Amino acid sequence: MVIHSSSNSYKIILGEQIRFALSDFLSKDYSSVFVITDEKVAALYLADIIGNFSSKKVYESIIPHGEQSKSIESFYKLQTEAITNGLDRNSLIIALGGGVVGDLAGFIAATFMRGIDYIQIPTTILAHDSSVGGKVAINHELGKNLIGSFYPPVAVIYDIDTLKSLGEREVRSGYAEIVKEALIADESMFNTLLMTNICSVSNEQLQEHLAYGINVKANIVEADEKESGIRKYLNLGHTLAHALESELGYGALTHGEAVAIGLLFSLHVSEDVFQHPLPFQELYTWLSDNGYPTSLHAWNVDSLISKMKSDKKTVNKKIQMVLLKEIGKPTTKEIDDLSMKAYLVSFIRKLVNQ
Ligand SMILES: NC(=O)c1ccc[n+]([C@@H]2O[C@H](COP(=O)([O-])OP(=O)(O)OC[C@H]3O[C@@H](n4cnc5c(N)ncnc54)[C@H](O)[C@@H]3O)[C@@H](O)[C@H]2O)c1
Ligand SMILES: O=C(O)C(=O)C[C@@H](O)[C@H](O)[C@H](O)COP(=O)(O)O
Ligand SMILES: [Zn+2]
């Protein structure tokens, strides 16, 4: 599949063992290569990637795994390494890992010498979403992804063999974004997913779900790369999810776990706003059957609302949520603070009473 963005067109290649054949997908002769990965992924796949570049200068940097690495400190450290390694404008950065590595390494590529090429080599299910579309960013203590850019990669090389080493928590996290894509795009896939036990999913099913998710995402980002309109729909569930991630401390919930709760919340609000029943209960049951954390601890509602205001969809301090008129019919809606407070309180009550 090829994605056409404002600055380039890039391929998304999905396959088995393709991490050993990177030169098949690179069209330029780079002066050097800088692989950025995390400690878990490095132990599993870094040698495979480096093996592709025997005749080139290859540098590597291994960051601690987890959301806390999407920080200004990691950003500065990696920029320093890029400079001291002598990277130039003809160097290539490789983001080898999940969404944390992808977002961080992509932002390094976007800003080093005002922008050099990078490729995404996603290694998590969740990264079917993060590696496509060119959103790159780091977190601020006050909010998720607040410092970043739109900067597409030159290729996405998705070796699905690497997904076999993922733990259950990461499988869950990735599936939350696939459920999101189904909710914004079509009911039949959503119903199929609700019949899937994600911890015993077959290879073929997983490939089908990944291809589906990438297709939904690719169509949206091609139509609205910089999020002036329909790209906002990919943010379904994220207004609350990002606030929770920041409020509870980055890494306390995985991004997908937070998105799962955020999706439930968007169904809760949508049902009230559009006075139309949505499958809140069905999604809740599926999430708990599949081991997502759905029982809540004390949330500070006022603090969450203030975090929700740093969402990138906010205009004039008014929160905009992505809601569903029906499955497959997303829209955006401004929610005032009083209503938001009431929705959060009733949502918490609903979850506690499950
Ligand atoms: N840019 C975007 O459009 C976009 C979209 C969705 C999410 N995101 C971002 O992505 C991040 C979450 O990504 P993630 O869930 O991939 O998290 P992650 O990158 O932290 O990876 C999750 C965990 O899995 C480990 N891991 C990665 N690949 C592995 C493998 N093949 N085998 C075993 N372990 C492996 C990692 O070391 C880490 O501990 C969040 O920061 C989120 O904001 C960005
Ligand atoms: O690609 C998009 O657009 C998305 O919203 C995808 C989300 O899954 C992803 O978490 C994204 O990073 C959120 O973007 P943000 O602009 O709200 O930071
Ligand atoms: Zn997301």
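Yeah, the Cβs are placed from backbone N, Cα and C, and that goes for glycine too.
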Among His255, His268 - the residue TrEMBL places in the same Zn(2+) site as Glu177, His238: His255
Per-residue Cβ crowding (10 Å cut-off), top of binding-site residues Asp103, Glu177: Glu177
Pairwise CA distance, His238 (Zn(2+) binding site) versus Lys144 (NAD(+) binding site), rounded so that it is a whole Å: 10
Per-residue pLDDT averaged over the domain '3-dehydroquinate synthase N-terminal' (62-172), given as an integer: 98
Lys144 (NAD(+) binding site) - helix vs strand vs coil (DSSP): strand
